[in-house]
């Protein structure tokens, strides 16, 4: 293949070169005398990115999905009641995993394209005076619909009624890219993977665990298997693992953390907003609708776009992939065929997004969705120019 | 660091250059129209290496330890009885995981340095006329002691009494390197990881699952979380994954399988024997004892060496690592401080092993274990020369 | 740096991933018994790409500039007369090197933006009845102005008067990408480097040498130093080098040749035309002028664009580089400040060019050149869609 | 290939991993506004390694052989007299290049295995009262025989008679690894390549040029072609190149310099001595002779070993390569068939050398040279242990 397919899925994302090279290392002994020199600083950097001082960040060979498993398995017991909401593919998958773990799942029916229904959560929490709910689950950034939910508000709702449940948050496609404040928001379990905001290959499950969650894990009765917190922590606190960790990916993650922290979390979030906003302006110019229903909930890591009635979004995907070397993301489950998605996390910039938007315009026309060629590009160009001029000037070499 | 530390642990092992380069690729969409072109042939190649035609080879982001979890979680129910034996660190860890999964574990007490006590297994199986035992577990190659067990004999013992239990085998440090015959031996669950015989970085759990095990998984009641077979298989049979797989590692594994199959499994096993035998001759020449008690059970992927009474094998490890850039493997749990190990899997050859043996001789003397310098090297040299001359001649360019 | 600067210079170009990985290999002995297995097939592949059967393709550690040196040094003697033309930065540099080699240089004054003035060459050749001209030099693709010249016509002019001079062609930015026919065009010395059509890093001088040129080199009297043909050929014909070659780059070049030949030279040329034509349509839509004056001579590997009077093209370059992560190429010598260039060789496709064009539009506006945002993008989109539809359909997976 | 052939040639050498990764970067524009940020610090680091403050270090795409060419071409004129000595393959090749450049070469006949005959140089210089000799050439480290010459003594001989000639030194296999003091020794042209002491792939010619040599280049009349100092220096002093440089290799060289300077030049030299001395002890234990005749002149970067009468060293090479995956270096020209060589530059340590020595013992026996297996290994082990104990202790982690 002459040109590598251009990847605009919401994870995996484009790796920065420095991350890619950090991973491309010979193998090493994870029980070597100096191995902790890799692991302990990495733990500290991850804490900064999760914005937690009191919690622990655990690492497993796995993925974001593993993280859901690990959270439920370690901190809950069969029959425990959890409160959650259904408003997208990934929130639903988490619900399915709860059921698999034999939890009693109270599901708030939300809407695809809407954020987590915090008011309804609040109502249910208030009604739960006996604190039968042991954990409250929420998907921070629903990757399927491109919607970001208000975790701080959910915490406020819990605090208002002094609810004792654990707060478990799927931050798979948010942490590292979008604002996430584990301590401020009182998140007890923050689930992440390596292949989204951390701009890495898939292969690591990254888990933020509060002290409260650690305590819960001591009494919970679900079998945890591989993901057992206690089994890990004993050695992990000293910078080691009780089993073979994915060392090459740990090196990449260390590099990724370094880059994120050097840029500064606030700058990363601002960059994510800016890149995403350009894409949204393009979609608006095309006359198409976002899956996300309100500006307040638009995700800055992924944009889900509805194709007009009568069209199949899979045609968009296939044409993009086969004819233009462009990898867009599919609509999933309820919105399969209705939505295509553009990811804008990782090592991506304006030029790449403009190329992707221009190509998408061609693709849309090819499948019969007659957007005006160039219309989205121009909208994005204008926004990118304006917003760049608002930035502090860089010195010209 | 000028020279990368020389790795002689029994996994991770040295990656072949071609495997390393196969992993160093840009990221891609695992839902792309042609992604199955990577996954389906990989499944077929893995079947050849596991020597199964009827089973499935499943892949998860994870490690060998994940594989134990996956096996127990998918195919058993709480309270199920399993029969297993304790004769090393890894067999013991698996026992611990059984307990965590709330299984009733019948443990045959074996000896560290001995293989799985097949006769005792046979006795217990024969006594279990009601087939209360639902699974028989065995560690094929106990990495902690350098001992290989006779899985075929265990299967024969099961067959002799027509026992219906599942046969679950930890093949983490054997499959891909040592003879392993999933179908011939009637293995129902064969557990492997990427970082041993497959000469890869850690990060993949590779699982051989028989049709019988798949059926068992349909009725078993343990929660499986991330490792759910059914959830995977639906898409996996078409070459896709229901969640993000570790794509870069899949590329590496494909390359690794290619290399193993090109060399031929029998040739791989013969090479492993030859390399290992050289190391064993060296140990004998040193006047040291192997942890493995009998030639019949010596492992060809790892050699565990006992330090004489009064010495701490950790001193060997530290001196090797800090003074000579050599990464040997530690003794684990019961043999911590008593054993050091030399791994000889992966991209390793005579020259590398001779360098490691020569260095180990220096290290041993440095810590006060007075082996004769050169004695082990000479024993290995002699063996390697003799055994090479017995090989068919390669044409000289 | 989060995103690697987007490279749109006319060499170095984007490397295909497979080429990049082919280079990233451990070092090896260039006198090893099997080294010829790398070199001999590479020689054959290069002959196919140069389209020569009778000539030799020589490889030196060096660059395109080295190739000029090598050609003049090996085949000419001090005081020899050469006929050439001045019509761009690179043709001029070659003239300067002729003078340095103490050749008598007859220079036809051409125009920047025009191709080599073949008619004038013809006139001079016809007048040279004593064949005092020992070599005729021409720059096939003048990278500075984006102009391709008609080598076949120059050969015809030589043949018409049965001129005995050597025909030396600078094919640095053409060979591998544009049509080049060494045998058909009777080229005696074809000069190329690795970093343009061969999509490689700089570091190799690639030289096509006819039998006639080899014979000339036997009597020529210029010192050749490192570039001595005879010194090389003795071992080179057997697949070896008399000194250490750049082995890692040889591996990359082998991969590059493989890809070019798999695609097919005609397909490569067609792709180059198509990509370039999209860029030209964009420039036209912007209302800007090309440096190249006539469609017949437009280069398909690089497009040189004139900024309007009163603007400095260096501002375009700096703004693109510093504000938009886009690396365009500068105007050189006579057109410094007047021209900026977009390279479109190597691993580049429509999406990338559309991204570069969209970004260039922003840059132009930023520096005060008010092209309509989106205008060039739309022109390119339209052309790319139309021309794609004219292609044979690819099957959709 | 499972295991990469073990490389023990005296250049190319083993690359450190960090160097290899530094090279594996995307391509970039060498005229970009910030390109000088790579080149200028690199120039400074190279000056430290060449130990010059007043000279310039020039970089060309090329190799060590290019460096000879560049030196002669820039600083001398046809007919100029140069004084040099013949005592090995590489000193002879340089003589041949002098002749090619039409210099008048006064050759002192030295002996292969001996160093440059300084006394004879002194005599000739003293006799040259008219300073007809324009340049004195010496090969610092004759890679073919494993002999290091005394450049400081040659400078002293020149100074004694106030000789005005330029001092040109082939430091290809010494600079970066062996003690080399450009300013202290009054070296006017120091020739090096990337693939020896700099632990890099071949592809860069690295040249130390004194101010006196630069002045000489202004009046010298040899054509320089590609290697013209003046043409380079204009832009190079600002951190740029007048033509496309080998950017990926520049990145590698920057990393290499960083590592050398971090280790410290004196430490590098001490390490080279120690590694080499182990090899020499092994050769002595084998009862074989070095090509180098006296301990005072033994090279610390390469050891050339004579095979006994009646044996062909090429058999050693072939057997090592074909049967044991070991790449030793051949004897060249006068000592072809008589000598094999072990390189010990670059990313090499005791373990690797012990492996190579042990393997060489097997190879020697295989071809009928009956050295005692293990004898060389033991000698090296003993030396490495003793000399390590003499080092300051490293803290154990």
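Numbering starts at 1 and runs along the chain as displayed.
From the backbone N, Cα and C atoms, a Cβ is placed for every residue, glycine too.
All TrEMBL annotations are machine predictions without curation.
Note that this is a predicted model, so its numbers are computed, not measured.
Cβ neighbours within 10 Å of residue D:341 (substrate binding site), excluding its own Cβ and spanning all shown chains: 26. According to TrEMBL, the feature substrate binding site maps to D:341.
Averaged over the domain 'Aminotransferase class V' (D:30-332), the predicted model reaches a pLDDT of 97. If you look up TrEMBL, you'll see D:30-332 marked as domain 'Aminotransferase class V'.
TrEMBL lists D:196 with the feature N6-(pyridoxal phosphate)lysine. Other Cβ atoms within 10 Å of the Cβ of residue D:196 (N6-(pyridoxal phosphate)lysine), summed over all protein chains shown, number 31. Taken residue by residue with DSSP, residue D:196 (N6-(pyridoxal phosphate)lysine) is part of neither helix nor strand, so it is coil.
It is 14 Å from the Cα atom of residue D:341 (substrate binding site) to that of residue D:196 (N6-(pyridoxal phosphate)lysine).
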